[in-house]
Structure formats: structure tokens, C-alpha cells
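Per TrEMBL, these features apply:
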type: ACT_SITE; residues: Cys29; note: active site, nucleophile
type: ACT_SITE; residues: Cys32; note: active site, nucleophile
type: DISULFID; residues: Cys29-Cys32; note: disulfide bond
type: DOMAIN; residues: 1-105; note: domain 'Thioredoxin'
type: SITE; residues: Asp23; note: site 'Deprotonates C-terminal active site Cys'
type: SITE; residues: Ala30; note: site 'Contributes to redox potential value'
type: SITE; residues: Pro31; note: site 'Contributes to redox potential value'
Amino acid sequence: MRHATELDFDEIVMKNDKPVLVDFWAPWCAPCKALAPTLDDLAEEYADEMEIVKVDIEANPGLATRFGVRGIPLLMVVRDGAEQARTVGTISRSRLDAFVESHVGAAE
């Protein structure tokens, strides 16, 4: 799992050959902390199919503004430089798996 900043976001996420699941989070966000181990698991399970990238919105407020982040955790799927989907707030593992599965294999 990688971390992106305002300086390298476009290179890491928008120009990536794989679909990217972007996790917008903040250090003070309890639901974000609760989601972190699940994202670590997903990063291992889907290492060949997609990349997971974390963005700390406190350290990178420009990215939060650019993507209209109004609540966290916010998970956004980017494919070929364009946002494909997003989900905000807590999410169960089964719903997260379905969310990821619906975007990993599409358009290949």
C-alpha cells in the first residue's frame, strides 16, 4: 500500500495502469483507523489486480478539495485516470469486497 501527496498523486493514481482504490482518511478519524487493517488485507489479496493508495486529507487538503471529499473514510476507485465509483463512511468487509470486485475486472 502506498501513500500519495498533492505532489505525486497524479503520477501514482491518475497515470496508473491498474485500477486504484484511493482511501481518503485523517489521523483523528476512528472509522478510518478501523478500516485500515481491512485495506491492508485487500492490498495483499488484490496486489496483482489493483493498487491501494492512502491520502491523508489533513496533510493534503488540496486533494480533498479537488475530489470533493466531505466525509471520511472515502474510498474512490480510479481507472484510466477517471473516477469510477466512491463510497463514504464505514463499510462492512462483504460490501467492500463487492465494491472492489465490481471494479477490478471491469473493462479489461
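Indices start at 1 and increase along the chain as displayed.
Using the three backbone atoms N, Cα and C, a Cβ is placed for every residue, glycine included.
Here the features listed in TrEMBL are painted onto the structure.
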| residue | record | Cβ contacts under 8 Å, 6 or more apart |
| --- | --- | --- |
| Asp23 | site 'Deprotonates C-terminal active site Cys' | Cys32, Leu35, Leu39, Ile52, Val53, Lys54, Val55, Pro73, Leu74, Leu75 |
| Cys29 | active site, nucleophile | Ile72, Pro73 |
| Ala30 | site 'Contributes to redox potential value' | none |
| Pro31 | site 'Contributes to redox potential value' | Ile72, Pro73, Gly89, Thr90 |
> Which whole number is the mean pLDDT over the domain 'Thioredoxin' (1-105)?
Replying inline: 95
> If you draw a 10 Å sphere around the Cβ of Cys32 (active site, nucleophile), how many other Cβ atoms fall inside it, taking every protein chain shown into account?
Replying inline: 21
> Per DSSP, to which secondary structure element type does Asp23 (site 'Deprotonates C-terminal active site Cys') belong, with helix, strand and coil as the options?
Replying inline: strand
> Where does Ala30 (site 'Contributes to redox potential value') sit in the DSSP three-state scheme?
Replying inline: helix
